[in-house]
Amino acid sequence: MTRLTVLALLAGLLASSRAGSSPLLDIVGGRKARPRQFPFLASIQNQGRHFCGGALIHARFVMTAASCFQSQNPGVSTVVLGAYDLRRRERQSRQTFSISSMSENGYDPQQNLNDLMLLQLDREANLTSSVTILPLPLQNATVEAGTRCQVAGWGSQRSGGRLSRFPRFVNVTVTPEDQCRPNNVCTGVLTRRGGICNGDGGTPLVCEGLAHGVASFSLGPCGRGPDFFTRVALFRDWIDGVLNNPGPGPA
């Protein structure tokens, strides 16, 4: 199959996926994570209910997907760090923040492009064994096809199911560039069903210890892929500019 044929097929699938798409929440085919296995994970919540994932990339900033806030009000949303069991308060490890400001860089919801957002927290996170910062790749860095990565988050184990009480994770493989788009990193699971599904937007794709992607959307049935992640390396210079010039905190 030629590159043009693949891109044409992807364009058609993108159009059909947008018609029935919703924010992403589920990790399909995953395993239960251990406590503090992914201490950089953020649970973004509305009135105590998880609706998107994210990653702490600075003591004052969480990286997530811009699409998460297409139908959510940031004024009543909170960011929770250090969470593990969403049904417990976990007072010793959990830190909860309001959103001070939001930054995005040309998000295009029609084409699912530039689906990345930085959330400035109302105060600095207290870094502990349960709350750590996830490093980012350098500007324009690439991740090779065949690289093994991980994606983790709270969510049901099947489409339409209930949210998971604990975070789950799945090992995924980066697909060749001609099966993806230049602005994305795409992944799949080679031997079985697995990956992101409805509602898991914003959770990071971690490859070799770096946040190479932000979960954006998936083509086809949940767990069958390919899954599309915003390519973080294209935004590193912009991200650094935001982190180095934060807005004022709450009065």
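Here the Cβ of each residue, glycine as well, is placed from N, Cα and C on the backbone.
The record in Swiss-Prot pairs Cys52 in a disulfide bond with Cys68, which is drawn from Cys68, Cys149. According to Swiss-Prot, Cys222 forms a disulfide bond with Cys197, chosen from Cys197, Cys207. Long-range contacts of the region 'Possesses antibiotic activity' (46-70) within the same chain: residues 23-25, 40, 76-79, 81, 86, 102, 104, 107, 109, 112, 114-121, 123-125, 127, 131-136, 153-155, 163, 199-204, 211, 214-217, 230, 232, 239, 242-243, 246, each at least 6 residues beyond the stretch ends and with a Cβ under 8 Å from a Cβ of the stretch. Mean per-residue pLDDT, taken over the domain 'Peptidase S1' (27-244), amounts to 91.
The DSSP secondary structure for Asn126 (N-linked glycosylation site) is coil. Most other Cβ atoms within 10 A: among the disulfide-bonded residues Cys52, Cys197, that distinction falls to Cys52.
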